[in-house]
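Right, one structure below, let's go through it.
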Amino acid sequence: MNDRELSCNAGGQFMDRGRMNQNGVVQPLLTDLYQITMAYAYWKSDKTDDQAVFDLFFRNNPFHGEFTIFAGLEECLKFLDSFHYSQSDIEYLKQTLPEGIENEFFEYLGNLTAREVTLFAIDEGTVAFPRVPIIKIEGPLIIVQLLETTLLTLVNYASLMATNAARYRMVAGKHVKLLEFGLRRAQGPDGGLSASKYSYTGGFDGTSNVLAGKLFNIPVKGTHAHAYITSFSSIGELKTRLLKHKQTGVMEDLLEHAVRHRGMLSHVLDVSTEESSEGELAAMVSYAIAFPDGFMALVDTYDVKRSGLLNFSAVALALNDLGYHALGIRIDSGDLAYLSCLARETFEKVAERFKVPWFNKLTIVASNDINEDTILSLNEQGHKIDCFGIGTHLVTCQRQPALGCVYKLVEINGQPRIKLSQDVEKVTMPGNKNAYRLYSADGHALIDLLQKVSEPPPAVGQKVLCRHPFQESKRAYVIPSHVESLYKVYWKSGKICQQLPTLEQVREKVQISLKTLRNDHKRTLNPTPYKVSVSDNLYNFIHDLWLQNAPIGELS
């Protein structure tokens, strides 16, 4: 058993391999069987020295939008860094693959590493667009073929999740907090951890997922469940009522303070104490005693107006008597726009009546199956929500559960390769290419341009003919004010070639990159498509190769 297996078994799913936290599930056998059978067929055909170039790209932006956030690059680099078939992997493959495969092939697999692979990529956190390769892989045909499935699974969900989160951030606005609450609804533990990581990348402010907080240093946030409230039925169940005053250190009866304030509040808020739940009050008092500096209470267990807000305000004022400030409330059901406005109005009344100005700034958190459309609707209704807790629709990406990245061979031994299809969308763009982003004078991205690697890069102030890759009449001259080369070498000769950014830096990169897009590209309804083009040279190259490879029909 090798070091990798020992680490997986002893350390659990994620393990520290010294340089980076490595997910133990991500290993060479996390692939489709046909990758390994193709590898054998390549080997049998004496293609071990063939050199290939593959493009990893997607064909359509998700969620009916016009941008995608590229994420997952760091995980791809970790995979390359650790790529190696263990002895137990080889033994398993001997048992699983068809009979008759020579032992020499298994010896060949056992010696494979990613040392001869070169990986080019755009920066993680950058906005990306259809057909522009986000990763370009060069190296020996067999090894780069074996990387396909794993690289796709590392990029597909990560980019989809980051894009989904970025869209939520845009509709919520920069002043509203967003928390990811989706672990219990995610597609298994891996899905839950990835959702937490990449929702943070896309612009969320925190997660309820404690393990994600530990692994990725994401702020962890949470309140309590309805179960905590319903576990109390009366104040007689309170076994602890005393709390130490924050300044004086004197023990005081928090329940006594809360009951007194509740009586006064009933007149201010025009709510009868007879209608409110005594069990809810007991639960809130007990939680406040446990977390006096972090009291955030769920107020919709019974009735927000007649019970929840009254009891919360009474306990918050009681805490204030003892030198503490409550944080706020969470509403998990009902008419969120109306209830948030009611809550804010309540807090303003209490602030004025009891001379506690900080009550005006209590946080209102809303959850309850929130999606992008929900937030847009709440915005139109003038909600007073400070923070959204979002779970199911975020982590499962219900509007579009997959991005659809593909991995296509575009060159072998210096010769271009093209895949043809009756569906033009599925025709690949052959050859080894470079990608550039051309900017206008106002700093906005105008167009992405693909060129053959042999072509000189576009120059600032110089007219460039940009063509649609498949529609002859669609073309335009562009005079860029700034030209950005999109690719960097991230992996070469068995080493990572760039200083990898922290998760915080990638998160910041997302927002910086989004700002380079015009608002009409980012709007929710009918966004303007962003243009992706090819150079005139590449256009002619594609269509010449297309004609060379397309069969000529015969009519009779």
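Cβ coordinates come from backbone N, Cα and C, glycine included.
Keep in mind it's a predicted model, so treat the numbers as computed, not measured.
For the domain 'Nicotinate phosphoribosyltransferase N-terminal' (29-156), residue counts in helix, strand and coil come to 55 helix, 21 strand, 52 coil, using DSSP. Residues or ranges marked as domain 'Nicotinate phosphoribosyltransferase N-terminal' by TrEMBL: 29-156.
The domain 'Nicotinate/nicotinamide phosphoribosyltransferase' annotation in TrEMBL covers 177-428. This prediction places the mean pLDDT of the domain 'Nicotinate/nicotinamide phosphoribosyltransferase' (177-428) at 96.
Applying DSSP to the domain 'Nicotinate phosphoribosyltransferase C-terminal' (432-541) sorts its residues as follows: 23 helix, 39 strand, 48 coil. Feature annotation from TrEMBL assigns domain 'Nicotinate phosphoribosyltransferase C-terminal' to 432-541.
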